[in-house]
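Lifted from Swiss-Prot, the feature list:
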BINDING   Y36, C56, C59, H60  heme binding site
SIGNAL    1-35  signal peptide
TRANSMEM  286-306  transmembrane segment
Amino acid sequence: MQTRNAFSCIKEGITRSISISVMIYIIIRAPFSNAYPIFAQQGYENPREATGRIVCANCHLANKPVDIEVPQAVLPDTVFEAVVRIPYDMQVKQVLANGKKGTLNVGAVLILPEGFELAPPDRISPEIKEKIGNLSFQNYRPTKKNILVVGPVPGQKYKEITFPILSPDPASKRDIHFLKYPIYVGGNRGRGQIYLDGSKSNNNVYNATAAGIVKKIIRKEKGGYEITIVDTLDEHEVIDIIPPGPELLVSEGESIKLDQPLTSNPNVGGFGQGDAEIVLQDPLRVQGLLFFLASIILAQIFLVLKKKQFEKVQLFEMNF
């Protein structure tokens, strides 16, 4: 009986250890696997700077296009689509964190006007749900429901991302008005070149930190290189570490300059930002416009009928 209890305790202890290890792994890995929105959320209170620049560009250095499509106007308390397109060459492969090549992921940030927010699931139509797929959107901050982020997600499946947006109702929110509002978007494809702490990722160019002669190049067992540079002036040695991923451009015995690229640029992705405008339309104004158009059409009809009646009278008088 004691043997069984001891065995049960050991089994329970092993299970707990495995669970704790898995949890620690997930916590440690989360910032890297969810690099696009998480890094920005951790470092910036607002993703759009006063200059208009979206902060994702601080880590994704290459400039790439992005496109957004929204309706010209929407009525209050209605759900509409904001479609973000992130184009790139589907054939290219990016350098992964382990130095191997893999497919590109994409991510996006959508900055809506105050009052606009992600539509609740029960308000989203089946057609829009089909376009959304398995995407999961989140608020940039719990207090900033008008700023949405998504990603990283597979680029081959989500080059086009559909955000379901709920427009505000000025009748229930006094700080909302029937006006034209700007919408800002940022979209990236591929990994970034700079981490939040300013250090380089392996998806970047590595330059020489000293001028001199390349004395020795050691290829590491897990990938990457250790390059020893001898300064020609005072003979002191400088060691540059290259992570796995970038291709080496220099060889032993070669003379190099300060800041000369030691590797190729492996980055095939990039970040882009754009904007659009949307009008929160007053239903009474729409009704007034329809009434005005209807009155014009009726006036035209009466004018035509009156003209025909006048022509008949003239024809009748001519016969007499």
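Indices start at 1 and increase along the chain as displayed.
Glycine residues also receive a Cβ, built from the backbone N, Cα and C atoms like all the rest.
Cβ neighbour density within 10 Å is lowest for C59 among the binding-site residues C56, C59. When secondary structure is read from DSSP and collapsed to three states, C56 (heme binding site) falls in the helix class.
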